[in-house]
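Participant: Would you mind keeping the following structure in view while I ask a few things?
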Amino acid sequence: VLSPADKTNVKASWEKLGGHGAAYGAEALERMFLSFPTTKTYFPHFDLSHGSAQLQGHGKKVADALANAAAHVDDLPGALSALSDLHAHKLRVDPVNFKLLSHCLLVTLAAHLPADFTPAVHASLDKFLASVSTVLTSKYR
């Protein structure tokens, strides 16, 4: 459960991304594909090379979804319902992949926002991403 301090940290962190959300989302995806090659199986039709338009486009989708979740942190199930349906019923993404992407997002944010990535912010973002992952996998059951 996200505390009031966690929610404040999450919202502040997402505001600090500014116009870089899409680039950071793409970088996190690229990190995931390089570190965990089995995750590429869900993207057989994508050009996964560095800087590809498809990678950038999906990075933007990830960043936009997380920005929406951060803006609606008090109602994650409502904010992510359509994405949960998509990933569970149509795409059938293995739930472990959400944890892998969450880890890569944390690494990316830490690399780009080192002064802001305090232990408290790290913990808050980790809890937030775990909550997002839980919601996204809730319809698998």
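Just so you know, glycine gets a Cβ as well, placed from its N, Cα and C.
Annotations per Swiss-Prot:
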DOMAIN    1-141  domain 'Globin'
MOD_RES   Ser3  phosphoserine
MOD_RES   Lys7  N6-succinyllysine
MOD_RES   Thr8  phosphothreonine
MOD_RES   Lys11  N6-succinyllysine
MOD_RES   Lys16  N6-succinyllysine
MOD_RES   Lys16  N6-acetyllysine
MOD_RES   Lys40  N6-succinyllysine
BINDING   His58  O2 binding site
BINDING   His87  heme b binding site
MOD_RES   Ser102  phosphoserine
MOD_RES   Thr108  phosphothreonine
MOD_RES   Ser124  phosphoserine
MOD_RES   Thr134  phosphothreonine
MOD_RES   Thr137  phosphothreonine
Participant: If you run through the domain 'Globin' (1-141) with DSSP, how many residues end up as helix, strand and coil?
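Facilitator: With helix first, then strand, then coil, the domain 'Globin' (1-141) has 113 helix, 0 strand, 28 coil.
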Participant: What Cα-Cα separation, expressed in whole Å, is found between His58 (O2 binding site) and His87 (heme b binding site)?
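Facilitator: Their Cα atoms are separated by 14 Å.
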Participant: Please work out the number of neighbouring Cβ atoms within 10 Å of the Cβ of Thr134 (phosphothreonine), leaving out its own Cβ.
Facilitator: 15
Participant: So for Lys16 (N6-succinyllysine), how many other CB atoms are inside 10 Å of its CB?
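Facilitator: For Lys16 (N6-succinyllysine), the count of other Cβ atoms within 10 Å is 15.
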Participant: If you count Cβ atoms within 10 Å of each one, which of the modified residues Ser3, Thr8, Ser102 comes out on top?
Facilitator: Ser102
Participant: Average the per-residue pLDDT over the domain 'Globin' (1-141) and send me the rounded value.
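Facilitator: The average pLDDT of the model in the domain 'Globin' (1-141) works out to 94.
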Participant: For Ser124 (phosphoserine), what is the tally of other C-beta atoms lying within 10 angstroms of its C-beta?
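Facilitator: Excluding its own Cβ, the number within 10 Å is 22.
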Participant: Say you check the Cα of Lys16 (N6-succinyllysine) against those of the recorded positions His87, Thr108, Thr137; which is nearest?
Facilitator: Thr108
Participant: Under 8 Å Cβ-Cβ from Lys7 (N6-succinyllysine), six or more apart in the same chain: what's there?
Facilitator: Val73, Asp74, Ser124
Participant: Name the one residue among Ser3, Lys11, Lys40, His87 whose Cα is closest in three-dimensional space to that of Thr134 (phosphothreonine); these are the recorded positions.
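Facilitator: If we rank Ser3, Lys11, Lys40, His87 by Cα distance to Thr134 (phosphothreonine), first place goes to His87.
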